[in-house]
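So the structure is just underneath, and the comments pick up after that.
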Amino acid sequence: MTSREIQKEPERNKRLDDENVDLKMKQKEYENGVNSYCNHCTELEQQLEEIKSQNQSLKQKNKNLEAEASKYQSALGSWNDDDIKNLVVEVCAFPMICRQHPDGLKVFTPAKVFTRRYKKRNLIGKFTDKIRKKLTPNDNSVLSLQGDYGSNDSDDSGESGQSDDDDSDDSDDSDNSDDSGDSGNSNESN
């Protein structure tokens, strides 16, 4: 070795020592990273086990609910596709009124629907009104038909138009509309 090489030796040793320290620090960082990764992996494994146990309990609950639902379904009877289609048609066929809301939405409300009982009673009232107007007592106390049917029919049609308006106004209370028709009839017969 030459003197020059001997002088460079301490510098080289120092440089190698510095590199060695850097490598040791990198090794420690790597070990810390591996440890944190392993810790994270164990946490994930624990979470996975918890999820598996929750999944098993949910599957068991699902089986119990399916068994209970099958009991109810067998008690109610089975639905076929035609029954479901008819049900949907019945629901959708209900008369609805569409109104435009101020904020641009369309609002659907059920239309007024008259019950059969109301219509039947209303029609019976109209028929009895017409029959009472056509039949009047004569001198022999026997009911007979009046003459001049054309003029009475035209009057009846005008009155029935008014009664239709009254009926639509009183659509909520069907008994009151029938009573008002009867009170008008009692005045005419007297």
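Even glycines carry a Cβ here, placed using N, Cα and C.
TrEMBL has this to say about the protein:
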COILED    34-82  coiled coil
COMPBIAS  153-181  compositional bias 'Acidic residues'
REGION    1-20  region 'Disordered'
REGION    138-190  region 'Disordered'
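Across the coiled coil (34-82), the prediction's mean pLDDT works out to 85. Note on the region 'Disordered' (1-20): DSSP counts are 18 helix, 0 strand, 2 coil.
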